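Just below is one structure, and these are the notes that go with it.
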Amino acid sequence: MVFFPHRHLIGIKGLTETDITYLLDKADEAVKISRQREKKTSTLRGLTQINLFFEASTRTQSSFELAGKRLGADVMNMSVGNSSVKKGETLIDTAMTLNAMHPDVLVVRHASAGAAALLSQKVACAVINAGDGQHEHPTQALLDALTIRRAKGKLSRIIVAICGDVLHSRVARSNILLLNAMGARVRVVAPATLLPSGIADMSVEVFHDMKEGLKDADVVMMLRLQRERMAGSFVPSIREYFHFYGLDAEKLKAAKEDALVMHPGPMNRGVEIASDVADGPQSVIESQVEMGVAVRMAVMESLLISDNNGPRSEGVGA
């Protein structure tokens, strides 16, 4: 019997409340390991992890690398800039090449939505989505949930305000799916130009005014203004954006006194968040980074190891 019934982690969509709770509970155990003097275990000894990042990443890639090493895996970071991809090799060709090397888990980040799902159909190993276009970023949502649960003691019946560039954010999508699954009350706060069509169908409350959206919120989750994904003029100016939608001390007063301030990083200080708030007593941004390693340890162990501490067989779950 395998406790976690999925072979891959492509998105939050498809995970049950039980699945999510299982991963968060296992991540809690990983936090303890990460805080020990001796952090390395032999859980994934003899297994190979390949990190395949087609988009630049510091936090996510280093977090996955550290998670794999703490579990005892052999970790390889594939540099796309120096790979055959730059010479015209397709994603599928790359997948077939890597599959021939018999890795046990492939961690992939790609600019195209659906890239991780496509790879999972072409390789024999487990696939973890580290972000695919504007689609999903499941481990970010899990680490955010773990951060909230450890601080608040629960996820159900809390108010979470997700603020900023929702349109271009895979982080927002995954968080909305997870928080709804766990019984939280989710709000999105953004100008109309930075909201996707059909946002109201995602079981969220929509606000265009920060103070209204933050009223009595337990958690304020800021999103990076993703200028690299913008093809048009979504905001009049950075200065005006910060004036209306940047989180400063005055706007934060609308939330509960003990509200958590979160940001997935990297932050644009003075754009979506003021420095005194990012570095203030309500900020749990550094805790999010710590929880990221623990969550990724939990995900890899859950995908690769069965309940009797042996490697999982091929083709388990979906």
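Glycine residues also receive a Cβ, built from the backbone N, Cα and C atoms like all the rest.
Since this is a predicted model, take the numbers as computed values, not measurements.
Positions annotated as carbamoyl phosphate binding site by Swiss-Prot, on the basis of sequence analysis: R59, T60, R109, H137, Q140, G265, P266. The L-aspartate binding site feature in Swiss-Prot is assigned to K87, R170, R224; the stated evidence is sequence analysis.
Shown on the structure are the features that Swiss-Prot records.
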residue	record	Cβ contacts under 8 Å, 6 or more apart
R59	carbamoyl phosphate binding site	G265, P266, V289, G292
T60	carbamoyl phosphate binding site	F53, R109, A130, G131, T139, Q140, G292
H137	carbamoyl phosphate binding site	N129, A130, G131, R170, V171, R173, S174, P264
R224	L-aspartate binding site	G164, D165, S169, H263, P264, G265, P266, M267, N268, E272
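Just so you know, of the binding-site residues G265, P266, the Cβ with the fewest other Cβ atoms around it within 10 Å is the one at P266. A Cβ within 8 Å of the Cβ centre of R59, T60, R109, H137, Q140, G265, P266, the residues given for carbamoyl phosphate, is found for these other residues of the same chain: S57, S63, A130, G131, V171, P264. For the carbamoyl phosphate site listed in the record, the two most distant Cα atoms among R59, T60, R109, H137, Q140, G265, P266 lie 16 Å apart.
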